[in-house]
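Worksheet: the structure to be examined is printed underneath.
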Amino acid sequence: MGQGLLQIGLTLCIVIAITPVLGRYIARVFLGERTILDRVMNPIERSVYVISGVRPKDEMTGWQYIRAILYTNLFMGILVYSLIYFQRLLPWNPNGLGVPSWDIVLHTVISFVTNTDQQHYAGETTLSYFSQVAALGFLMFTSAATGLAVGIAFIRGLTGRKLGNFYVDLTRGITRILLPISVIGAIALVLLGVPQTIGETLTITTLEGGTQYIARGPVASFEMIKMLGENGGGFFAANSAHPFENPNGLTNLIETIAMIAIPAAMIYTYGVFAKNIKQAWLLFWMVFIVFVILVWVAAGGELQGNPLVNGTLGIEQPNLEGKEVRFGWAETALWAVMTTATMCGAVNGMHDSLMPQGLFATLFNLFLQIIWGGQGTGTAYLFIYLILTVFLTGLMVGRTPEIFGRKIEKREIVLASLILLIHPIVVLIPSAIALAYPFSLSGISNPSFHGISQVVYEYASASANNGSGLEGLTDNSLWWNLSTSLSILTGRYVPIIAMLLLADSMSRKQTVPQTPGTLKTDSLIFTTVTAGIVLILGVLTFFPVLALGPIAEGFKLASGS
């Protein structure tokens with residue numbers, strides 16, 4: 001127990017230490033200030049702009065920024081679909097893999113272009129090295145940079161700046177942040193035992209005389225951007241539970257830190273943009289405290305173990321089902337909460353084997369989307385709740401709602417409400433349909449309370465652009481591929497459109513002078529109220545589902561049945 005808690009504590013301390021450093025660096029990149037990589041990256045970026053015809057000094061309006069995102073993502077999606085469809089004709093296919101079915105290719109492309117990386121296939125038996133690295137690896141960089149650009153544009157709008165240029169933000173996000181850190185991280189992973197090869201699957205003879213096939217590939221480079229970009233899609237079916245993706249405790253620590261580094265730093269980045277570091281730290285600690293509570297809930301459940309198993313065997317041991325022994329209950333519980341909090345979706349153990357407490361914590365993260373949140377967009381979601389808090393507290397005390405010196409009016413509240421309503425709509429309605437018809441129910445491996453969790457988790461993960469799943473669900477079917485694709489697209493692009501329109505609206509407003517009656521948003525009281533509103537809205541929206549799923553399952557286990 002002590003060792004497990006020490007591992008969790010060490011990881012959290014590292015997160016706190018790197019947040020201001022990386023947050024300040026990200027701010028310098030997108031504020032156009034000098035950075036250590038200027039000498040190397042400036043010529044590369046200028047070449048990219050010249051070749052693509054981008055004028056980096058041109059500012060975009062909200063709709064121009066939105067159209068740039070949609071057109072770019074559509075083009076990249078069509079390109080990658082074509083690459084996967086013709087993978088049998090392309091190089092780096094030593095195992096001679098053919099073409100997957102059209103629906104799995106469509107789901108995969110939609111999933112990766114939106115930074116969701118939900119996988120209904122096994123990478124080592126479905127996709128060639130070229131499809132994994134050149135096609136999906138390309139999307140891992142661009143989808144992460146797209147989310148990062150949205151988050152930065154949203155922060156610019158809230159702080160009274162123009163939104164910027166999407167193509168410039170996309171390029172700088174890759175060249176100055178994602179690519180350099182990924183290169184360093186990939187080298188570290190190679191040194192720690194993660195393979196990086198284009199050799200074919202090995203065929204070996206075991207000690208018993210049998211034949212075993214060992215899949216391998218260019219894993220290290222794929223793995224690092226998978227974690228850093230909050231992508232989460234694994235090179236192998238077992239994801240980061242596979243010893244070739246995550247062989248030991250040190251690689252596990254590196255990947256865990258990479259997973260949370262940018263979402264945590266983005267809160268500090270806002271503080272630099274707004275010139276209000278105090279508020280950034282208040283918001284950071286608000287998110288951090290809720291995160292630690294959820295880790296405590298999940299870790300406590302795993303440490304307690306399964307009461308039915310322990311009672312039958314007459315022992316007291318943690319729940320080790322679905323876990324890698326090299327990580328144990330503590331690192332698996334921390335990872336499970338972190339991967340759903342950051343919308344990464346990678347796993348180092350099977351979430352379907354989590355105790356009800358752990359399942360509650362992971363679902364709660366998927367429902368809220370702000371306990372760190374996704375790449376860039378999570379920060380935007382956090383400030384949506386901040387805007388609603390200002391509006392509600394202003395109504396209660398009779399003050400005109402203002403935030404960052406700008407009035408909050410009907411348009412902003414309508415857009416904020418739309419952003420928060422889309423997620424439950426594209427989670428709960430498809431879940432109800434899936435639970436109502438036999439053709440979708442056939443994929444559920446557990447007909448009880450856990451079966452409800454399997455279905456809701458699948459759609460919550462899709463809509464939140466997380467990508468993890470309770471793998472007791474047989475999800476590689478036409479229904480699940482198409483229905484989750486719809487949830488992914490709606491949950492990704494509708495909020496992004498609304499966020500950018502809201503930011504554009506705020507950027508055009510005149511600054512209102514502060515008065516003694518102005519509500520201060522950088523106070524402990526206001527931050528506490530914000531946390532309360534976040535939790536209340538999350539509980540009110542999804543509590544019936546939580547009650548029918550992990551809460552009911554927990555009571556059933558506690559009763560000994």
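Just so it is clear, glycine is given a Cβ too, placed from its N, Cα and C backbone atoms.
Among residues of the same chain six or more beyond the transmembrane segment (2-22), those with a C-beta under 8 A of the stretch's C-beta atoms are 249, 253, 256-257, 260-262, 264-265, 267-268, 284, 288, 292, 295, 299, 303, 328-331, 334. Under the heading transmembrane segment, Swiss-Prot lists 2-22 (among others), citing sequence analysis as support.
Residues of the same chain lying 6 or more positions beyond the ends of the transmembrane segment (66-86) and with a Cβ under 8 Å from any Cβ of it are 60, 99-100, 105-106, 108-110, 112-114, 127, 130-131, 134-136, 138-139, 142-143, 146, 149-150, 166-167, 170, 493, 496-497, 500-501. The annotation transmembrane segment is assigned in Swiss-Prot to 66-86 (among others).
Same-chain residues lying 6 or more positions outside the transmembrane segment (135-155) and placing a CB less than 8 Å from one of its CB atoms are 30, 65, 69, 72-73, 76, 80, 83-84, 108-109, 112-115, 117, 127, 163-164, 166, 169-171, 173-174, 177-179, 182, 221-222, 225-226, 228-231, 233, 262, 266, 269-270, 273-274, 374-380, 383, 496, 499-500, 502-503. Look at Swiss-Prot and you will find 135-155 (among others) tagged as transmembrane segment, backed by sequence analysis.
If you look up Swiss-Prot, you'll see 177-197 (among others) marked as transmembrane segment.
For 253-273 (among others), the entry in Swiss-Prot reads transmembrane segment, with the evidence type sequence analysis. Only residues 6 or more beyond the boundaries of the transmembrane segment (253-273), in the same chain, are considered here, and those with a CB under 8 A from a CB of the stretch are 10-11, 14-15, 18-27, 30-31, 148, 151-152, 155-156, 159, 161, 177, 181, 185, 188-189, 192, 223-224, 227-228, 230, 240, 246, 279-281, 283-284, 287, 331, 334-335, 338-339, 341-344, 346, 348, 372-376, 378-379, 382-383.
Residues annotated as transmembrane segment in Swiss-Prot, with sequence analysis given as evidence: 280-300 (among others).
For 327-347 (among others), the entry in Swiss-Prot reads transmembrane segment. Packing against the transmembrane segment (327-347) from elsewhere in the chain are residues 3-5, 7-8, 11, 115-118, 226-227, 230-234, 239-241, 249, 252, 255-256, 259-260, 263, 291, 294-295, 298-299, 301-303, 318-320, 354, 358, 361-363, 365-366, 369, 371-375, 377-378, 461, 464-468: each is 6 or more residues past its ends and has a CB under 8 Å from a CB in it.
Taken from Swiss-Prot, the feature transmembrane segment applies to 354-374 (among others), supported by sequence analysis. Outside the transmembrane segment (354-374) by six or more residues, the chain places 115, 147, 230, 260, 263-264, 287, 290-291, 294-295, 297-298, 300-302, 304-306, 319, 322, 333, 336-338, 340-343, 381-382, 385, 423-424, 427, 453, 456-457, 460-461, 464-466, 468, 470, 534, 538, 541-542, 545-546, 549-551, 553-554, 557 with a CB less than 8 A from a CB of the stretch.
The transmembrane segment annotation in Swiss-Prot covers 378-398 (among others).
Annotation comment: Swiss-Prot describes 413-433 (among others) as transmembrane segment, evidence class sequence analysis. Same-chain neighbours of the transmembrane segment (413-433): 367, 369, 381, 384, 387-388, 391, 440, 455-456, 459-460, 462-464, 483-484, 486-487, 490-491, 494-495, 498-499, 501-502, 505, 537, 541-542, 545, counting only residues six or more beyond its ends whose CB sits under 8 Å from a CB of the stretch.
As annotated by Swiss-Prot, transmembrane segment applies to 482-502 (among others), with the evidence given as sequence analysis.
Swiss-Prot lists 531-551 (among others) with the feature transmembrane segment, giving sequence analysis as the kind of evidence.
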